[in-house]
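Novice: Please read through the structure below; I'll follow up with questions.
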Amino acid sequence: MATTPRLASLLLLLALCAAAAGALRLPPDASFPGAQAERLIRALNLLPGRPRRGLGAGAEDVAPGQLLERRVTLPGLPEGVGDLGHHAGYYRLPNTHDARMFYFFFESRGKKEDPVVIWLTGGPGCSSELAVFYENGPFTIANNMSLVWNKFGWDKISNIIFVDPATGTGFSYSSDDRDTRHDEAGVSNDLYDFLQVFFKKHPEFVKNDFFITGESYAGHYIPAFASRVHQGNKKNEGTHINLKGFAIGNGLTDPAIQYKAYTDYALDMNLIQKADYDRINKFIPPCEFAIKLCGTDGKASCMAAYMVCNSIFNSIMKLVGTKNYYDVRKECEGKLCYDFSNLEKFFGDKAVRQAIGVGDIEFVSCSTSVYQAMLTDWMRNLEVGIPALLEDGINVLIYAGEYDLICNWLGNSRWVHSMEWSGQKDFAKTAESSFLVDDAQAGVLKSHGALSFLKVHNAGHMVPMDQPKAALEMLRRFTQGKLKESVPEEEPATTFYAAI
């Protein structure tokens, strides 16, 4: 039987993998995505819940293509705070068998005219509620399960939506496995459909500036989602969404460039020695070859690329040991790098579940099933859609905490500089400037035209958690078109904020 060129390439790839694996003496589970998914999630103390089947008792149903939303005052808030303009709801996805997307919507503490911002947490398969309560939401959870106001919450300056975008993540669920998404096309179409219904529900916000934000695997979600919104606007498909820009924090966007940067970053940060660097770099050529086969198809070759290229990261982690790969300044305590267990406890409270309308639907912080379903999407290059957005004037901010290993600033900076667009040469020639917050350097900024890159000091993977004030200032200046300004205009005090 004749061998097709693609099959021959895959066979060659497997041979290269075997040779490189022998040279590296990798651990037995180094190339198996299931084992890695479980290890990554356990390291974050985010154990996946059981698969959800059907509508949970007490959860409100909603017709396909419709949105069911309620105003929310969460238990644990101080008494007498009044109506905060907080909402929670489900969107019943059309063109699915039984999928429902969960979201929070927090109106701005400032003005109704503030921009509408949507936040997407990555994973893939991790809930945006992690950001609500640990990063940039209105409040954090105290150990006694009370809620403490976050004075740097992004709702201070925006009307912000937090969505669990993939079925099986957070409180989003379906009774039918066929609703599981495997690529960005499915996720971005779901999000676009959600926005169409959301703005019909909230027409008072439809003319506001709109920005897409997120971190980690949202480096895949966001470019595809932004392109979907932009194309929908161009084709007059429905309600015009006033997309002005998007921001990706410590994202995975161009794997071919970012995986190659792992060893350089690890060596620069003294995580590995030069001999380790030379040895692990033997995996880079087969990784590059595998990604080339993958292209932008998201097929079986992309799974092979995932297995090959993650051997680079796994080999580094074998040497790094107990260090936190989301923040290399820190050690993981045992198997746990961060403890988000208060979130599980909070959502286990019956009063909380009744308040947000989820009934007994099980909350899943991070889902291994969603992670595995997206594996063929992992090594795809999502940078390819960004130049067209830049050319049409959509503002793009790529930011990265300097101490993150897994989606490090070096790899992000390299793909940003390598991106081909009309301003590429001028961007490369632009001098870096200090990003100042309270007259102190909070980061280093490079900006030209619609493109900006910000390296954030003293932060790891989750910049809004590590540097909340700098993150809020970043959002303020980005959404106001003043990112290059060192000192923002004084924010007028509001009676509302003073009251809380």
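Including glycine, each Cβ sits where the backbone N, Cα and C put it.
Relevant sequence annotations retrieved from Swiss-Prot are reproduced here:
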- S216: active site (ACT_SITE)
- D404: active site (ACT_SITE)
- H461: active site (ACT_SITE)
- C407: substrate binding site (BINDING)
- C126-C366: disulfide bond (DISULFID)
- C294-C309: disulfide bond (DISULFID)
- C332-C337: disulfide bond (DISULFID)
- N144: N-linked glycosylation site (CARBOHYD)
- 1-21: signal peptide (SIGNAL)
Novice: Look up C337 (disulfide bond) in the DSSP assignment and reduce it to helix, strand or coil.
Specialist: coil
Novice: Within 10 Å of the Cβ of C366 (disulfide bond), how many other Cβ atoms can be counted across all chains shown?
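Specialist: 27, counting other Cβ atoms within 10 Å of C366 (disulfide bond).
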Novice: Going by C-alpha positions, which of the disulfide-bonded residues (C126, C294, C309) is nearest C337 (disulfide bond)?
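Specialist: Nearest in space to C337 (disulfide bond), counting only the disulfide-bonded residues, is C126.
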Novice: Using D404 (active site) as the reference point, find which of the recorded positions C294, C332, C366, H461 has the shortest Cα-to-Cα distance to it.
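Specialist: That would be H461, the closest of C294, C332, C366, H461 to D404 (active site).
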Novice: Counting only residues 6+ apart in the same chain, whose Cβ is under 8 Å from the Cβ of S216 (active site)?
Specialist: T121, G122, G123, C126, G249, N250, G251, L252, C407, H461
Novice: Give the distance between the Cα atoms of C309 (disulfide bond) and C366 (disulfide bond), rounded to the nearest whole Å.
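Specialist: Here the two Cα atoms are 23 Å apart.
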Novice: C-alpha of C332 (disulfide bond) to C-alpha of C294 (disulfide bond): distance in Å?
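Specialist: Distance between the two Cα atoms comes out at 34 Å.
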Novice: I need the CA-to-CA distance for C366 (disulfide bond) versus N144 (N-linked glycosylation site), whole Å please.
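Specialist: Counting only the Cα atoms, the answer is 24 Å.
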Novice: My understanding is the cutoff is Cβ-Cβ under 8 Å with a sequence separation of 6 or more in the same chain; which residues meet that for N144 (N-linked glycosylation site)?
Specialist: none
Novice: Of all the disulfide-bonded residues given, C126, C294, C309, C337, which has the fewest Cβ neighbours within 10 Å once its own Cβ is left out?
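Specialist: C337, out of the disulfide-bonded residues C126, C294, C309, C337, has the fewest neighbouring Cβ atoms within 10 Å.
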Novice: Comparing the recorded positions C332, C407, which residue's C-beta has the most other C-beta atoms within 10 angstroms in this structure?
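Specialist: The largest 10 Å Cβ neighbour count belongs to C407.
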Novice: Note down the number of other Cβ atoms within 10 Å of the Cβ of H461 (active site), including every protein chain shown.
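Specialist: I get 24 for this one.
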